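Engineer: Straight from TrEMBL, here's the annotation block:
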type: DOMAIN; residues: 3-115; note: domain 'Neurotransmitter-gated ion-channel ligand-binding'
type: DOMAIN; residues: 123-333; note: domain 'Neurotransmitter-gated ion-channel transmembrane'
type: REGION; residues: 237-266; note: region 'Disordered'
type: TRANSMEM; residues: 118-142; note: transmembrane segment
type: TRANSMEM; residues: 148-169; note: transmembrane segment
type: TRANSMEM; residues: 181-200; note: transmembrane segment
type: TRANSMEM; residues: 318-336; note: transmembrane segment
């Protein structure tokens with residue numbers, strides 16, 4: 001026997017029949033090992049082969065035959081982790097190169113399937129729920145300051161789950177299915193965190209912002225905004241490019257054109273010398289032009305900053321739906337391979 005605690009052979013009776021058949025029931029405890037394939041862990045199944053034969057007697061001396069087509073599993077004790085699907089038996093006759101005599105053997109194939117309910121409720125479902133939290137980081141407002149923190153927290157949670165998976169399965173060269181799912185999800189969350197940092201940089205462009213390029217305004221603010229249903233509260237029905245231009249044109253044409261006329265009328269009515277009034281009018285005009293220029297620059301900067309914030313918001317919504325779709329497809333792919 002291969003068991004350490006089972007020493008020696010037990011003395012059992014041999015039944016000898018009149019036709020020459022001998023029945024000898026010899027109890028033994030046998031230990032065996034087989035290669036475990038964890039490619040589909042925790043939805044994997046294993047096939048372990050147990051071969052019984054004689055090395056000292058050939059087939060002409062001892063002819064082995066299996067009485068049943070499968071092993072007797074009536075005394076099998078149920079296991080909480082593995083389910084036995086069957087134990088078929090086959091008879092093989094091997095002829096080696098050294099000898100011409102046949103050597104028969106009986107091979108039992110133990111079919112095992114892992115009970116996956118424990119791993120589904122403790123490792124797979126928490127990972128799926130945590131993964132669906134990652135795209136919600138794009139839904140958080142950029143001013144909240146929690147967008148990057150959410151991505152890092154989800155990434156750390158998945159790292160803990162991956163360590164639990166590594167501890168619960170045997171070492172193997174092949175990467176299990178759930179491990180591939182964790183790696184793909186962590187890669188996706190890392191990419192989402194990096195994109196979140198980029199979008200926050202776009203949102204907080206500051207007073208040094210440049211105008212939004214025409215291609216970005218046409219692609220993001222027009223097409224993608226309609227696709228993602230992103231609309232600003234109180235947004236005007238007029239085109240934002242036309243309204244500021246018309247207001248600026250009226251201000252630029254009205255103030256400098258009216259001021260000289262008003263100065264001339266005042267100079268003529270009050271009897272002030274013409275050159276003295278023109279000197280005061282030029283200084284006042286320069287100050288007014290400077291203030292109007294600062295005001296127009298401030299309004300343009302505010303308009304550009306608002307456009308960049310809307311660009312960041314549209315990109316947030318678009319990437320949120322993209323990553324939601326990726327998480328859903330990855331989860332369905334894992335379940336499809338497991339089935």
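Positions of Cβ are set from backbone N, Cα and C atoms, glycine also.
Just so you know, TrEMBL annotations are computer predictions that nobody has curated.
Remember, predicted model here, so these are calculated numbers, not experimental data.
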Engineer: Give the nonlocal contacts of the transmembrane segment (118-142) in its own chain as ranges (CB under 8 Å, at least six residues past its ends).
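Structural biologist: Residues packing against the transmembrane segment (118-142) from afar: 41-42, 81, 148, 150-151, 154, 157-158, 161, 164-165, 168, 178, 181-182, 185, 188-189, 192-193, 196, 199-200, 203-204, 309, 312-313, 316-317, 319-321, 323-324, 327, 330-331, 334.
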Engineer: Please list the DSSP helix, strand and coil residue counts for the domain 'Neurotransmitter-gated ion-channel ligand-binding' (3-115).
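Structural biologist: Tallied per class, the domain 'Neurotransmitter-gated ion-channel ligand-binding' (3-115) gives 0 helix, 40 strand, 73 coil.
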